[in-house]
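Notes to accompany the following structure.
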Amino acid sequence: MNKVFPQGENGYTAAESKAHPGGEAGGGHLCCSRRGACLSASLLLLLATVAALIALVTILGLPSCTPGAQACITLTNRTGFLCHDQRSCIPASGVCDGVRTCTHGEDEDESLCRDVPQSLPHFLVAHCGDPASWIYSDQKCDGTNNCGDCSDELSPVTVCPPCGPGWWRCPSTFFKYCDCIPRHLCRDHVQHCSDWSDEYACPGP
């Protein structure tokens, strides 16, 4: 007498199901599930790594790779140095002056100050008529003889604007100034202009 096995909904008998426990019907789903779990774990690990790197850059305030990204314009409309907080703009002459002005001290960083002016970004440096002399870029066209030969004020390459309202134009007798003197020096009974115009023509401040 033949033994009859009950049939399931899919037409397979119970014996056939037991005879193939690792067949395609069950084993394929298990393999796919394991592969999906591995992919999910790898993706989560990658996302966690990226998030950690972003947090590190944000916390430590790592510097920009390009020196040009550190340039800015100060409140006095002069070239400045942008601190790593991306908010503080300090004067060019405040870089490598021995005083840490930026929060993280990047304005006094060894990479900037190890061989001044060669180690400074180009936007912080202005060259004088004497090739051996240089000044900070914010000292150009400020009315003061910073180069010593007035090339930072009178050179055709410099192209400085005319004397401002707080200045009097004349050939100065003082080494500190070039072709303009501050108006507060007018009519102080001291000759500041070679033509004495500071005492007789300048209306004063």
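Glycine is no exception: its Cβ is also placed from the backbone N, Cα and C atoms.
According to Swiss-Prot, the transmembrane segment annotation covers 43-63, on the basis of sequence analysis. Per Swiss-Prot, the feature domain 'LDL-receptor class A 1' maps to 71-114; the stated evidence is sequence analysis. Annotation comment: Swiss-Prot describes Cys72-Cys89, Cys83-Cys102, Cys96-Cys113, Cys141-Cys160, Cys163-Cys180, Cys170-Cys193 as disulfide bond, evidence class sequence analysis. Residues or ranges marked as domain 'LDL-receptor class A 2' by Swiss-Prot on the basis of sequence analysis: 115-161. Look at Swiss-Prot and you will find 162-203 tagged as domain 'LDL-receptor class A 3', backed by sequence analysis.
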Inset, instruction - Counting other Cβ atoms within 10 Å, pick out the least crowded of the disulfide-bonded residues Cys113, Cys170, Cys193. - result: Cys113
Legend entry - Cβ packing number for Cys141 (disulfide bond), 10 Å threshold: 17
Inset, instruction - For Cys170 (disulfide bond), find which of the disulfide-bonded residues Cys83, Cys96, Cys113, Cys141, Cys180 come within 10 Å, Cα to Cα. - result: Cys180
Inset, instruction - Name the one residue among Cys96, Cys113, Cys160, Cys180 whose Cα is closest in three-dimensional space to that of Cys72 (disulfide bond); these are the disulfide-bonded residues. - result: Cys96
Legend entry - Secondary structure tally of the domain 'LDL-receptor class A 3' (162-203) (DSSP, helix then strand then coil): 7 helix, 8 strand, 27 coil
Inset, instruction - Measuring Cα to Cα, tell me the gap between Cys141 (disulfide bond) and Cys163 (disulfide bond) in whole angstrom. - result: 10
Inset, instruction - Could you say whether, by DSSP, Cys113 (disulfide bond) belongs to a helix, a strand or a coil region? - result: helix
Legend entry - Rounded distance in angstrom between the Cα atoms of Cys113 (disulfide bond) and Cys102 (disulfide bond): 14
Legend entry - Neighbourhood of Cys96 (disulfide bond) by C-beta distance under 8 A, where only residues 6 or more apart in the same chain count: Asp107, Glu108, Leu112, Cys113, Val116, Leu120
Inset, instruction - Give me the Cα-Cα distance between Cys83 (disulfide bond) and Cys89 (disulfide bond), rounded to a whole Å. - result: 6
Inset, instruction - Would you list, in sequence order, the disulfide-bonded residues among Cys102, Cys160, Cys180 whose CA lies within 10 Å of the CA of Cys193 (disulfide bond)? - result: Cys180
Inset, instruction - Measuring Cα to Cα, tell me the gap between Cys180 (disulfide bond) and Cys89 (disulfide bond) in whole angstrom. - result: 28
Inset, instruction - Given the disulfide-bonded residues Cys89, Cys160, Cys163, state which is nearest to Cys102 (disulfide bond) when distance is taken between Cα atoms. - result: Cys89
Legend entry - Per-region confidence, the domain 'LDL-receptor class A 3' (162-203) (mean pLDDT, whole number): 93
